[in-house]
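Structure first, commentary second.
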Amino acid sequence: MSNITVCARFRPLSSKERSNHGDSVCIHGIDNESFIFKDDKEENFKFGFDRVFYEKSEQAEVFEFLALPIVRDAFNGMNGTVITYGQTGAGKTFSMESGISNRAVGETQMNMASSRSHCIYIFTVQQELTKEKRVKAGKLLLVDLAGSEKAEKTGAEGKVLEEAKTINKSLSALGNVISALTCGSPGKAFHIPYRDSKLTRILQDALGGNSRTALLCCCSPSTSNSAESLSTLRFGTRYQNDLKIKINNVWNCFKKFYFFAMSFLNFFLLGFSNDILILLTHGRAKHIKASPHAHCSKESNAKKHGVYEATKDESMERILNKLKSENKALKTRIAAAGKIDAFHKEAGENGYASIVHKISDRLSHLVSWIWPFSSIKLLPLLAKMTTKILIVQILTLCSIILPKANSLVFKYPAVFNFGDSNSDTGELSAGLGFTLDPVYGRTHFKASSGRFCDGRLIVDFLMDAMKLPFLNAYLDSIGLPSFQKGCNFAAAGSTIHQATPTSVCPFSFDIQVNQFLHFKARVVELLAKGKRLDKYIPAVDYFSKGLYTFDIGQNDLAGAFYSKTIDQVLASIPKILEEFETGLRRLYDEGARNFWIHNTGPLGCLAQNVAKFGTDLSMLDELGCVSGHNQAAKLFNLQLHALCKKLQGDYTDSNITYVDIYTIKYSLIANYSRYGFEQPIMACCGVGGAPLNYNSGISCGQTKVINGTSVTAKACSDSTEYVNWDGIHYTEAANQYVSTQILTGKYSDPPFADKMPFLLDLKF
């Protein structure tokens, strides 16, 4: 993660703003990282930040994204600062939630109790590591800056006016320090004016170096305050550009170029060498054997044993189609490195499309240049020389700028998974004796695999990353399933709460834990008898060395909304997590020591919940998700995170990792087009068409008669364009993206991003 995080937050319109100027606002949100700003001259500006918090954003959301990483680092011996900046009344103090009893305030036209001083809290965290005989200390600064508006805007006079001048002088000094930190010549001594104000002197330890800084630019969305808001946003972009781009930009650009180049070479130079050659020889090459990476058409397969004279247009079309389809794969490869967001900010909204277009254009020029010589017999050699030059140039560049990196390998001999349909690999269908429609599993397995998805789940991708086989469902006994590398107890529809006779699934979390205990006891019993079953069951020590993964709780919340108010749902969360804690402690008592716990995703963004609870548009957020459901999910996650921290303290001999799935999925939905998707909420497989393509009465693949007409819930032609598969579950393409983000390590607590090499050993 970068040392600099810059965010913008817009508070709701005040009553005064509404009465004087109505509901007119100066911002138009694009996604949760960018927006359009219109100033008082009706001129539009586009701004991009690490995160944009709009009017409906909650305090917990701001804290988790902006402040929590810095607080963690303070405990690990790194200095960190959280700064709020903006005009008076923009929500700085509210966002900071700092005390104001000792703070100087005064009445201005901007606020009855305007801050007339900066407020700084300094916390020093010191840890004594007795075993290592060393002390680790970190400093955390919370800085609530005074209002940054112009003096004429406040109507200040006398003492208050003098205070305003001093405030603006110190803010100017802060800007000068930032400029000095970033504009000095490398290798030469230069002056940083820390002593120009008390503010910059106090913040000296927290600016520059390896310290972590978060800046929250607080703004009013009202057109009446557009000038002040624009000034605040420009300060934020100055801070962002000066510090972040100066420190990180060059190196990250090289790494991103490397990943793109290697991905391009992987599918293009290897997979389409024959098509390149056909382009160069204008169809004169006789039956050039296709690379195993190439996707040949039915026509070429039919002519496999004959002479196929492809035309220039056919080969060009095949390559360009492949470039388009592989665009998502290239994004995923770069996303796996955790650098995709910064890449887009530098490349622009259509960065990838631009790159693909340039490649296509260059290819066309290459063909045009070579075409006059198409009859020369040396063209195959020329083609090889052309690609070789490109490879040599890229590899030479990479050898200069990139250090060697080892692949990430999880050292777990087995995995034992517990959860619901997000990770069910066939448990419910085997347990209740039904078969999903063949459309489930069509993308990867080419047949129904018991998974509620068109292909692979997140757990499948994680197993792949660990170089382990896919997990077999505990109850699936057909086909000699092997449980040597673990077992999957997750069942679709399951809850943490104990199942009742009316529950969708009888295999609630407590039953799954019981199944595991029975599974372990039988394994120990069989191995004790000396039977040769080591190919099918895990070794005894795998139960202590293995990884225990959890993805459950979504159905507890989603189901509760059908019979409870939102307040009742929120009140039920502690009891749900109490039962979850009981199950985790039972597993610990049985020897489990490595816990990997996913929080729950944004329930309100599932088409099922939008269709049922989103008919009132006031209940939806800016992305079209049901606000109440997402509020419950975030509160559940906040308390789940606290539980994980508690268990980390209780079980010091264990590894307990909390993974923030919510943030990954919500970011995907908010920025879907950036990652190559076209539909963030609408179901791929369903009925009804836009905007949701979902009907609760007809599941994916089913056919029913409605009003005398036979209706079938069919799947879309290309599921890679959709985030959502059937209104409830994600597509394989979305699961793949989520998995790559998990493996960056930056969404985990404790985080492991600093332990991650840049190159990930992914086989997706």
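Note: Cβ is positioned from N, Cα and C throughout, glycine not excepted.
Database features, via TrEMBL:
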DOMAIN    3-95  domain 'Kinesin motor'
BINDING   GLY86, GLN87, THR88, GLY89, ALA90, GLY91, LYS92, THR93  ATP binding site
DOMAIN    96-242  domain 'Kinesin motor'
TRANSMEM  257-280  transmembrane segment
COILED    313-340  coiled coil
Looking only at the coiled coil (313-340), what is the mean pLDDT?
52
Counting other Cβ atoms within 10 Å of each Cβ, which of the binding-site residues GLY86, GLY89, GLY91 scores lowest?
GLY91
Sparsest-packed of the listed binding-site residues (THR88, ALA90, LYS92) - C-beta count within 10 angstroms
THR88
Candidates GLN87, THR93: member of the binding-site residues with the richest Cβ shell (10 Å)
GLN87
What are the helix, strand and coil residue counts for the domain 'Kinesin motor' (3-95) according to DSSP?
28 helix, 31 strand, 34 coil
